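Trainee: The following block contains the structure, expressed as structure tokens.
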Amino acid sequence: MLDASISPVVLVILDGWGYRNATEGNAIRTAETPIMDALWEAYPSTLIHTSGKDVGLPDGQMGNSEVGHLNLGAGRIVPQELVRITDAVEDGSILENPALLQACSAVRQHGSKLHLIGLCSDGGVHAHLDHLGGLLKLAAAQGIQDVYIHAITDGRDTNPTEGVNCITKIERLIATAGVGQIVTICGRYFAMDRDRRWDRVRKAYELLTIDGEGCGQTATEVLQETYAKGVSDEFVEPTRLAPGAIAPGDGVIFFNFRPDRARQLTYAFVEAEFEGFERDLIQPLTFVTFTQYDANLNVPVAFEPQNLTNILGEVVANHGLRQFRTAETEKYPHVTYFFNGGIEEPFPGEDRELIPSPMVATYDRAPKMSAQAVTDAAIAAIDKGIYSLVVINYANPDMVGHTGKMGATVEAIETVDRCLGRLVSAINRAGGTALITADHGNAEYMWDENGEPWTAHTTNLVPFIVVEGERRKLPGFGTEIPLREDGRLSDIAPTILQLLGLPQPVEMTGRSMIEPAAYEVKQGRTPVKVGV
């Protein structure tokens with residue numbers, strides 16, 4: 001029989017599983033979810049905040065997976081890069097940023113071109129048009145006239161055809177700054193892959209590096225023609241609009257602030273031993289990234305990472321306890337790199353297992369994704385009886401929800417619900433406790449008030465459930481565990497530390513979701529059994 005000290009606390013992150021009462025357009029309410037429904041009714045449950053100022057974003061800004069996992073792991077509200085960079089644009093300090101000035105200096109030295117690459121979107125998840133506006137003002141202030149914009153269209157964190165409005169906004173930014181020209185346009189499907197689908201990235205890279213006269217159309221015309229074919233912004237074919245390829249001596253600023261979908265294209269430009277596809281390394285090239293995409297990349301970084309200390313994984317490791325993280329490819333960086341505050345290397349005693357995501361064009365074609373295998377990995381880790389903390393992410397609600405396909409998203413939700421039943425049974429067998437939550441909303445809002453597909457995240461609250469185990473009980477509580485009703489993601493790490501009996505460090509400013517006990521234990525509590 002396993003010792004009680006190694007009955008685990010298991011954090012289950014249902015990525016994109018938001019709460020919304022209305023059934024219309026709600027894949028979660030439409031789906032059959034007997035396990036989640038039973039857990040919600042049988043165990044202490046509440047709703048928590050995952051957006052805006054509650055996670056370090058501007059008020060009203062939807063959350064995302066990176067932000068969510070940062071807050072989950074840090075146990076404090078983490079000021080996000082979106083806010084940091086927007087502040088720099090608004091207070092003018094972006095005009096004095098050393099890394100950005102380095103790119104401008106190289107362009108002046110070589111009499112060359114400045115290229116601005118990034119997601120042209122107001123979604124605020126990977127980039128923001130306000131930041132592009134700041135870069136155009138910087139170029140103008142530095143006297144650089146040859147400024148070429150390589151626009152990556154969104155359609156995933158925004159409405160599927162919002163790109164045409166974003167192009168109009170860029171044209172206004174260009175007019176205001178007096179410099180800049182959109183020379184290429186490309187959907188994020190190609191330029192921002194993160195699953196090593198190098199055939200996609202190669203198309204984007206070749207668009208940026210092989211010159212030509214262009215297609216004779218404006219960006220707006222290309223998008224309108226794309227929409228007429230029933231294709232959204234995410235899948236816009238890489239298209240050259242005008243001359244202006246990246247060449248030796250040029251300067252490049254990649255203005256995405258979120259690393260995970262900017263890495264692969266960056267590797268193609270800067271790695272000498274790049275193996276994704278054949279290409280000649282462009283040298284010299286001053287390539288600046290807005291944030292640190294990879295600690296091993298030797299490139300100037302405009303906004304260096306924040307140093308987060310005494311985060312959850314670190315505290316667990318410092319007390320000599322072992323932990324396990326697992327997710328499929330699409331969310332693996334989130335339960336590792338982002339959950340650990342932007343640190344790539346695991347902490348001592350932290351084991352990880354990556355489950356490959358299915359190789360399909362879009363996940364509506366495989367809505368089950370790799371949820372079964374992720375569940376198997378988590379159960380195997382729990383059964384070992386050596387881990388005090390297990391963190392698991394189910395990608396399906398978010399990744400399939402992003403496709404805008406209702407039927408597929410319902411299947412994704414039902415798949416996760418079945419897996420959750422198996423997982424909770426394993427946790428109960430081990431005497432552990434499960435904390436079930438989500439990092440942001442998505443699948444609960446599949447189309448807008450006009451009946452158009454909604455493929456972005458939401459600002460809706462998400463569930464939080466404590467499935468208390470037989471050997472991970474909280475001392476001082478009776479038959480019920482009272483939960484706070486004003487919680488946020490940063491409160492979950494302190495809750496985990498309380499369950500593990502570990503002290504909360506002063507840097508961790510979140511508050512446990514569990515209200516102080518009002519009475520003494522009067523009877524035993526046995527986990528409620530749910531069907532699997």
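Cβ atoms are placed via backbone N, Cα and C, with glycine included.
When I checked Swiss-Prot for this same protein, it listed these features:
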- SER65: active site, phosphoserine intermediate (ACT_SITE)
- ASP15, SER65, ASP439, HIS440: Mn(2+) 2 binding site (BINDING)
- HIS126, ARG156, ASP157, ARG188, ARG194, ARG258, PRO259, ASP260, ARG261, LYS331: substrate binding site (BINDING)
- ASP398, HIS402, HIS457: Mn(2+) 1 binding site (BINDING)
Trainee: Give the helix, strand or coil assignment DSSP yields for ASP398 (Mn(2+) 1 binding site).
Mentor: helix
Trainee: Given the recorded positions ASP15, SER65, ASP398, ASP439, HIS440, HIS457, which lie close to ASP157 (substrate binding site), meaning Cα to Cα within 10 A?
Mentor: HIS457
Trainee: Among all the protein chains here, how many other CB atoms are within 10 A of the CB of HIS126 (substrate binding site)?
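Mentor: That number is 26.
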Trainee: Whole-number Å distance between the CA of SER65 (active site, phosphoserine intermediate) and the CA of PRO259 (substrate binding site)?
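Mentor: It is 12 Å, counting Cα to Cα.
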Trainee: Apart from ASP15, SER65, ASP439, HIS440, which residues in this chain have a Cβ no more than 8 Å from the mean position of the Cβ atoms of those residues at the Mn(2+) 2 site?
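Mentor: Those within range, site residues removed, are ILE13, GLY16, THR50, GLY63, ASN64, GLY68, HIS69, LYS331, HIS334, ASP398, ALA438, ASN442, HIS457.
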Trainee: Could you check which of these binding-site residues, HIS126, ARG194, ARG261, HIS440, sit within 10 Å of HIS457 (Mn(2+) 1 binding site), going Cα to Cα?
Mentor: HIS440
Trainee: Including all protein chains shown, what's the count of other C-beta atoms within 10 A of the C-beta of HIS402 (Mn(2+) 1 binding site)?
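Mentor: Taking every protein chain into account, the count is 23.
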Trainee: Work through the binding-site residues one by one (ARG194, ARG261, ASP398) and name whichever has its CA nearest to the CA of ASP15 (Mn(2+) 2 binding site).
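Mentor: Checked the binding-site residues ARG194, ARG261, ASP398; minimum Cα distance to ASP15 (Mn(2+) 2 binding site) goes to ASP398.
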Trainee: What residue among the binding-site residues ASP15, ASP439 has the most other CB atoms lying within 10 A of its CB?
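Mentor: The residue with the most neighbouring Cβ atoms within 10 Å is ASP439.
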Trainee: Using the structure shown, find which entry in ARG261, HIS457 (the binding-site residues) has the sparsest Cβ neighbourhood within 10 Å.
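Mentor: Counting other Cβ atoms within 10 Å of each of the binding-site residues ARG261, HIS457 gives the minimum at ARG261.
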